[in-house]
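Residues or ranges marked as compositional bias 'Basic and acidic residues' by TrEMBL: 1-17. Residues or ranges marked as domain 'Concentrative nucleoside transporter N-terminal' by TrEMBL: 179-250. Per TrEMBL, the feature domain 'Nucleoside transporter/FeoB GTPase Gate' maps to 258-355. The domain 'Concentrative nucleoside transporter C-terminal' annotation in TrEMBL covers 361-583. Feature annotation from TrEMBL assigns region 'Disordered' to 1-22. TrEMBL lists 76-96, 103-124, 144-162, 174-191, 197-217, 264-285, 333-355, 416-441, 453-474, 528-553, 565-587 with the feature transmembrane segment.
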Amino acid sequence: MSERVVMELNETHKQNEEQGTDNKAFEVEIHTEVDCASEDEENAHKNLNHRNKSLVEKKQDALLGYLAKYKDQSHLIVKLVWTTGLVAMVISACVLDFHRAVGLLVISLVAIVFLAWDWMMEWYGDWLWEVFSPVRDLLTRNWFWIRWMIYVLVLVAVVCWLALDTAQQGTRQLVSFSGLLLLVFLMLMFSKHPFVWCWQTLFCGIGLQFLFGLLTLRTSFGLSAVKWLSSQAEIFLSYADVGSQFVFGDSYTDHFFVFRVMPILIFVSSVVSILYHIGFMPWLVGKIGFLMQVTMKTSPVESMAAAGNMFLGNTDTALLIRPYISELSISEIHAVMTGGFASISGAGLGVYISLGVDATHLLTASIMSAPASLAIAKMFWPEKETIVSISNQNLRLIKGESSNLLEAASQGASRAVGVVASIIANIIAFLALLAFFDSVLSWLGGMFDFPQLSFSLICSYIFMPLSFMMGVSWEDSFIVAELIGIKTFLNEFVAYQKLIQLIKKRTEGGPEYVNGVKQYISVHSEAIATYALCGFSNIASMGISIGAMSALAPNRQSDITSCSLRALVAGSVACFMTACIAGMLYIPDCPDFLNTEFNKTNVISSKRLLDCCAQLHHSVTMYGPWNVTIGGGFTESDLHGCCTLSAPKNLNCSSLI
């Protein structure tokens, strides 16, 4: 047996020698020699390239390597140099002309405050959270009583303020306040899930709305700031005229709406796209949304959507929160859609300003309606489901997808083309349909000896109680009700165009009544109508919103469709609430106020009326019995009315009347 094994081994060895089988150890050695050779060749190639490089290229490579090694320090140095340059520029501008540089100074200070806050929260946020934990725990334990004490105190303060203000201004503010309470009561009564409301959301939403309105309409600083922003917005929008004139020629204003107004929408859309690309728009939306989330106790997604609707349309806002739509509860979907119906986009804001609508009222309404939309949405469809928890750290708003600024500007302008075409087509169709519908109604009404029957007349009777409860005078309530009907069943563009016609008739000084038909409304009624119309709450927008959100979340299409009609109603009510607060707070200038008061059949004396007459008397300069100069924007009819009401001692009214 052993001899047989030895013979087989010898035969195998002979075969290996004949066939030349490789040894594994030699294979490893061969591969090692090859690898070493290739590495030597590569190093030799690098050394050759290094010798062939010029001195400048060598220094450049060294500098890039140094910057990569000290990347964080390099970024800090660049930021410090950039900040130092900006501070030096602002200081230099203020030294040269402080009044001229006020705008630049305010913008710079606001930017510094927000950047400092972000830096502090990034580095010391966790530490501050731990430091204030005892205070936070104390508030949490007693929050129920503290919250209701704050609600009662605020309510008492508002009632006392209303009583004093009514004594000075008249009873119209009480009507607007009653209208606000009525709208809230109706929303609570027809709520989807009654008695499960979050009172903090309601009170804080209305409180933010009222606080901002009070700041901008009743304080000289806030009113001046909004007027300054409005004037800057008008200047900014006027740059679109350069492109319009180049494309359409010098006579582009002959077709005002198409060639003057619509290019503004393209211009603003391009600017918004640039702001998206650089990250400013998501940053701004995040800050405002966080404020509403903390104060109103709403979820991060619906808060960010409400903030986004202040600057974007309902479609763009849906894109902003696209990754989270499929995870939202039906109450959150309802809140997101309500915010879109209760506000207008930045591009729409530019269009309305170009039409001639007061920019101050439009800017104020856009901001005031955002918290109102959240408050009403959560009352009309309260949260009853277990929502998916999405923290602020995990919430990421979608930014622009363009690779550079030029591409962002081009994409924004291109997206606006379809919007412009849609607006023009819809206005042509809606106005034609309205004319046809009015003709049919007139034909039907003529059979019953009432040929003046029209769609506008029907709307004026349906919405007249609503317009009156918002604070519109009884004489103007039918006209404002007609505007509300046009906005709801057609669109807000047509309604604003009709409002502009009313404003032009008033400013031209034509007769107030022609054949018993009122030709224009008062300045106060114009302001309330501007706030009430400032929103995309119409039937056409409901279809657009359903289509956009269903495309982004097909699995939630049934939920989106089921809550869309309620969201449309809630969005409209949010606009009407803003109009009610404007009716409470807005006080026209004395020339407009006197013109409105003395056009009434029964003039009721009030402190506001007497103060305006005193201001008028001080603006009058008499050179003789019939030689009088009136300043301050007042008219002779105002002077005649004030002299009839109360003759001043320093003015001989008998020679004037």
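Backbone N, Cα and C atoms are what each Cβ position is placed from, and that goes for glycine too.
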Within-chain partners of the transmembrane segment (333-355) [C-beta distance under 8 Å, separation at least 6 from its ends]: 230, 233-234, 237, 260-262, 264-265, 267-269, 272, 298, 301-302, 305-306, 308-314, 316-318, 321, 325, 362-363, 366, 369-370, 372-374, 376-378, 380-381, 416, 419, 492-493, 496-497, 500, 534-537, 541-542, 545, 549, 556, 559-560, 563-564, 566-568, 570-572, 574-575
Long-range neighbours of the transmembrane segment (174-191), counting only residues six or more past its ends (CB under 8 A): 162, 166, 197, 202, 206, 376, 379-382, 466, 468-471, 570, 573, 576-577, 580-584
Selection from 76-96, 197-217, 264-285, 453-474, 528-553, the stretch that has most Cβ pairs under 8 A to the transmembrane segment (565-587): 528-553
Stretch of maximal Cβ-Cβ contact with the transmembrane segment (197-217) [cut-off: under 8 Å; candidates 76-96, 144-162, 264-285, 528-553]: 144-162
Structural state census, the domain 'Concentrative nucleoside transporter N-terminal' (179-250) (DSSP three-state): 58 helix, 0 strand, 14 coil
Tally of DSSP helical, extended and coil residues in the domain 'Nucleoside transporter/FeoB GTPase Gate' (258-355): 82 helix, 0 strand, 16 coil
